[in-house]
Amino acid sequence: MSIYDHKKIEKKWQKYWEEHELFRARDDSPKPKLYTLIEFPYPSGEGLHVGHPRPYTAMDIISRKKRMDGYNVLYPIGWDAFGLPTENYAIKTGQPPAQVTKKNIANFTRQIKSLGISFDWSRAVNTTDPAYYKWTQWIFLQLFKHGLAYKSKIAINWCINCKIGLANEEVVGGVCERCGGPVEKRLKDQWMLAITKYADKLLEGLQEVDYVPQARTQQENWIGRSEGAEIDFKIQGSDRKIRVFTTRPDTLFGATYMVLAPEHELVGQLKESILNLKEVEKYIASAKRKSDLERTELQKEKTGVELCGVRAVNPANNEEIPVWVADYVLGGYGTGAIMAVPAHDERDWEFAKKYNLPVRYVVRPVSVDSTNPPREEKQLDHLKKFSAFAGVGILMNSGSFNDLDFETAKWKITEEVGGHKKIMYKLRDWVFSRQRYWGEPIPLVFCEACAKSHKGESVGEQTNHGWIPLPESELPLKLPAVKKYEPTDTGESPLSTMSKWVNTKCPRCGGAARRETDTMPNWAGSSWYFLRYIDPHNEKEFASMEALKKWMPVDWYNGGMEHTVLHLLYSRFWNQFLFDIGAVPVREPYKKRTSHGMILAKGGEKMSKSKGNVVNPDDIVKQYGADTLRAYIMFMGPFDQAVEWDPQSLVGVHRFLERVWTTSERVSNDASCPKNIIRQEHQSIKKVGEEIEAMRFNTAVAHLMTFSNTLYKLEKVPRAAYETLLVLLSPFAPHACEELWALLGHTSSITEEKWPEFDSALLEEETFELVIQINGKIRDKYIVSSGITEEALRAEVLKRLKVEAILNGAEPRQFRYIPGKLVSIVA
RNA sequence: GCCGCGGUGGUGGAACUGGUAGACGCACUGGACUCAAAAUCCAGCGCCCGCAAGGGCAUGAGAGUUCGAGUCUCUCCCGCGGCACCA
């Protein structure tokens with residue numbers, strides 16, 4: 001009699017798997033490939049958190065099952081190790097970030113290995129390893145050479161605490177995503193990546209992949225494509241024009257004023273004609289001072305000021321209309337100017353009401369009946385009192401366009417006034433510079449001499465005069481050791497203080513040059529790590545085309561919803577770019593994307609160090625074992641939903657594994673296997689398999705429990721049925737199943753077993769409980785045989801005492817039989 | 001405000017295309033074993049009436065479609081996630 005001692009068996013089998021290289025992905029295998037991926041962790045000093053094992057275990061179960069299905073599975077792991085927490089730790093303690101990172105990776109490795117996840121450790125990558133970031137730099141240089149990286153003085157989001165520029169994506173609700181501190185606008189020279197050039201491709205690509213719907217819509221919203229028209233408005237008494245973008249050119253006749261964003265260049269150009277220039281300048285200055293946070297907080301009431309003396313001409317009806325400056329119009333979107341149609345736009349409506357500007361309705365709702373007066377007129381009259389009519393319909397008050405449908409009118413009016421169709425995106429270019437130490441150095445130098453002779457790289461619209469790329473033979477450009485890791489007070493990276501490193505020779509002309517001292521953002525290394533896993537030790541290329549062709553695309557990528565906008569979009573962009581230059585074989589990197597929910601502390605709060613409610617997986621592994629932890633995390637609740645950690649429920653899963661264990665003592669070779677056991681066995685094969693594939697792990701575990709409970713109650717347990725249970729359970733609780741498998745006399749690993757097949761003929765029940773509903777209420781139930789004909793059944797049912805009592809001799813008005821389920825009678 | 005998801009026992013959650021609501025756990029109650037406890041095992045467990053047989057009520061609220069609704073339709077309430085002056 002053996003006891004379930006997880007401490008002994010878990011270490012033993014982890015060692016066995018490693019020694020026998022059972023989870024190595026084989027480049028030369030004839031089996032079909034399957035590439036499963038989880039988001040590689042940031043190895044923080046705090047160590048693993050129970051949230052980490054959720055996606056790892058889920059994809060582990062899928063990977064293990066797929067290996068048993070005959071696939072050659074690549075399930076890799078690595079470290080996304082550049083980043084602020086490590087740098088901040090280095091600032092505090094004076095330890096070099098590289099050293100801290102090494103220690104953290106060792107700890108994470110130990111912790112993850114103790115969970116028995118079937119990663120291929122031989123392919124582990126580390127974004128801070130020069131052998132890795134050499135290729136991150138190489139990809140950046142390709143982007144640079146193709147005109148997709150450019151330096152630009154732009155107003156960036158500046159986090160005052162972190163002393164760092166942030167991408168739009170990193171500013172959440174007006175504050176810094178990392179530290180929650182205030183963000184202000186600052187003009188800075190920044191490297192930018194022209195992701196906007198890929199807006200359409202990134203949108204189109206979503207059509208060919210299988211992403212969880214929220215991920216797809218979030219990406220679509222972020223890219224924010226809208227179709228409309230650009231139309232020019234003349235300025236009275238000047239040859240200048242105001243160009244606007246509108247999605248509703250059909251409402252042009254209703255444009256009763258115009259609004260410029262405070263940043264709009266025209267305000268400066270029209271200085272002479274503005275009668276209230278002082279007032280206007282004061283307004284613009286105050287608008288600029290507002291941070292994003294204030295701008296959103298103050299959205300209750302719109303403000304603005306009229307440019308007195310400036311009038312624009314509505315090209316539809318040649319009417320003179322006033323021009324305003326207001327910060328509800330954004331400088332960064334569209335043309336930075338709008339035609340205001342208060343009758344059909346709620347924002348314009350609000351503004352017009354406040355400043356008493358005229359409102360003219362030019363579209364009416366489509367009629368749904370033919371009352372007199374028509375219903376749509378009543379609707380519109382009603383609406384006029386409270387708000388704009390932002391819906392669509394039929395044109396009115398629009399001259400020769402009256403009674404046209406809005407869609408037709410849009411393009412006819414645009415054409416009539418000399419406008420043109422235009423696609424606009426919300427997506428902005430990606431701010432790629434960080435003024436920080438712990439990131440990849442940007443492999444460019446600035447050469448004064450080359451700048452003067454215009455010998456800089458210049459591709460497409462972007463010119464980067466004087467910026468010279470390092471030759472690829474000089475990569476990696478390593479991070480030099482510095483004494484202090486703090487950003488400087490001027491906001492420059494700590495690298496800028498290292499004159500030895502900064503001052504260098506121009507690779508082009510050999511003259512004096514200075515290195516770029518900004519580093520790359522965190523997102524750089526994670527934008528292509530899935531490619532490096534494929535060929536992680538290649539020194540000549542980031543990955544060979546042969547290996548990429550074998551493994552790409554990633555078949556199944558699971559990650560958190562918090563990464564669906566940033567990481568997913570950036571890495572798709574890099575992969576699409578690499579595809580366009582012929583460096584990777586597929587355009588879309590991820591075929592399928594799923595998402596897991598968070599694990600919350602008891603009480604529904606997020607786990608956090610400051611609240612002291614973090615559960616450390618080490619403790620659970622120690623007390624109950626990795627198998628219990630894995631099965632419990634899967635059993636807690638639906639995989640894609642947030643669930644609360646509940647130590648009480650953990651014991652239920654542990655008991656289940658213990659019962660599976662003790663059942664092994666009663667396994668018998670000669671026990672006959674009753675039909676109902678065989679049926680349940682095959683039902684389990686079917687259900688557990690289907691549920692794993694659909695990520696319904698909680699019900700998969702429930703079915704395993706049901707099957708196990710059945711076997712547990714038998715005095716003699718048929719060997720075949722028990723072995724099936726072990727095989728089905730093994731992806732969830734691999735260590736215990738290996739040990740039990742070996743105890744049954746097997747000499748090879750259970751992970752090498754074939755996933756069993758079910759026989760549909762054996763799934764059928766011979767009898768079922770028929771439910772009899774009379775007038776919609778359940779009145780009787782009894783067991784009938786599955787093969788019964790409707791006629792025979794009807795005769796039987798009508799003779800049932802309870803049925804007779806209600807029918808009272810009368811014929812039923814309706815008799816309906818749902819085979820295998822119920823009979824519904826209407827008396 | 002807009003978009004998406006959700007609301008089921010004491011509790012976490014099950015329920016395929018409309019067909020026995022509450023699978024599988026946890027907690028709880030009673031019993032067995034024990035000197036005792038823990039562990040384990042057996043039984044019970046939505047609410048109300050009833051000794052029972054049985055009956056009635058129940059999936060956030062209200063209506064509707066249907067022989068039949070947790071599931072479909074409409075209105076409303078609440079919670080979570082995302083976006084938020086994007087013209």
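Note that Cβ sites are derived from N, Cα and C of the backbone, with glycine treated the same way.
TrEMBL annotations: computationally assigned, not manually curated.
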Residues flagged as motif ''KMSKS' region' in TrEMBL, choosing from A:346-350, A:516-520, A:606-610: A:606-610
For A:Lys609 (ATP binding site), the number of other Cβ atoms found within 10 Å of its own Cβ: 10
Model confidence over the motif ''KMSKS' region' (A:606-610), averaged pLDDT: 77
Distal contacts, the motif ''KMSKS' region' (A:606-610) - CB-CB under 8 A, six or more residues away: 46, 49-51, 598-600, 645
Secondary structure content, the domain 'Methionyl/Valyl/Leucyl/Isoleucyl-tRNA synthetase anticodon-binding' (A:675-790) (per DSSP, counts of residues): 64 helix, 19 strand, 33 coil
